[in-house]
């Protein structure tokens, strides 16, 4: 039996980056710059897609959803990180911790599903070009977007209730800069086997299924591309997938590396793992709009036009 005060504690303490307390001020500077780049870049991307009718295509609708999710991901973690590093604000309320944890994991699952939807878009564009407008109609796009949000919400919401049921009598100090499900669950002295089982298996299997389907779609895409007789047509088809492939690699590679490092990297210093985890939630949201701005000709042209002053005739 646990004291009633152990349930729904008032707050937790986020330690920050243990062992690097003297460098917190300097560590916060690159994260602040990265966060500002993410906010400005994704807001510009959303503005361009909203106002330019030439960008009202399925691929750019998915891209706008990716930009919105990236804003949620970075805003859920980086401001609290900066207040911890610069102001020493280590306390976070129990409700705030659950909210941060939910949006962190929710954004990850949504991003994965969006990348799958974008892979499907590229598959239809390259393998079924004549049927593109009939397959990816506005109604289909809306259904895909709603299903992505509903699936992600349904997968992550149980994490909140799995944490709320736990007593936290032993300690309320989190050796990290943000709240994540398993990290918070491990503070409890109760049995957390269901948290570990659900927290690892269900979201991980959801993301792995996305990765498998993305890989299958690109197998069909590459097969269709290499069946083209013209070298120029092959290069053009592959170039349309370049930015998407870059974003996929930036998203999944550090994610799986972080998971494997936490599971098997017992010799890796704790502060290194925490730094890497923070770079993972901060860097992809900042790089995604840059990658699409550089790799996508339509966005590049609209971006240049946006910041080009037209001289009066």
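Note: Cβ is positioned from N, Cα and C throughout, glycine not excepted.
These numbers come from a predicted model, not from an experiment.
Copied from TrEMBL, the annotated features are:
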| type | residues | note |
| --- | --- | --- |
| TRANSMEM | 23-48 | transmembrane segment |
| DOMAIN | 41-292 | domain 'G-protein coupled receptors family 1 profile' |
| TRANSMEM | 60-82 | transmembrane segment |
| TRANSMEM | 102-120 | transmembrane segment |
| TRANSMEM | 140-157 | transmembrane segment |
| TRANSMEM | 196-225 | transmembrane segment |
| TRANSMEM | 237-260 | transmembrane segment |
| TRANSMEM | 272-294 | transmembrane segment |
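Within the same chain, the transmembrane segment (23-48) stays apart from the transmembrane segment (140-157): fewer than three Cβ pairs sit under 8 Å, each pair at least 6 residues apart. Through the fold, the transmembrane segment (196-225) approaches residues 105, 108-109, 112-113, 115-116, 119-120, 122-123, 126-127, 151, 155-156, 158-159, 162, 181-182, 185, 234, 237-238, 241, 245, 248, 252, 255, 259 of its own chain, all at least 6 residues removed from its boundaries and within a Cβ separation under 8 Å. When each of the listed stretches 60-82, 102-120, 140-157 is scored by C-beta pairs under 8 angstroms to the transmembrane segment (237-260), 102-120 comes out highest. Mean pLDDT across the domain 'G-protein coupled receptors family 1 profile' (41-292) comes to 87 in this model.
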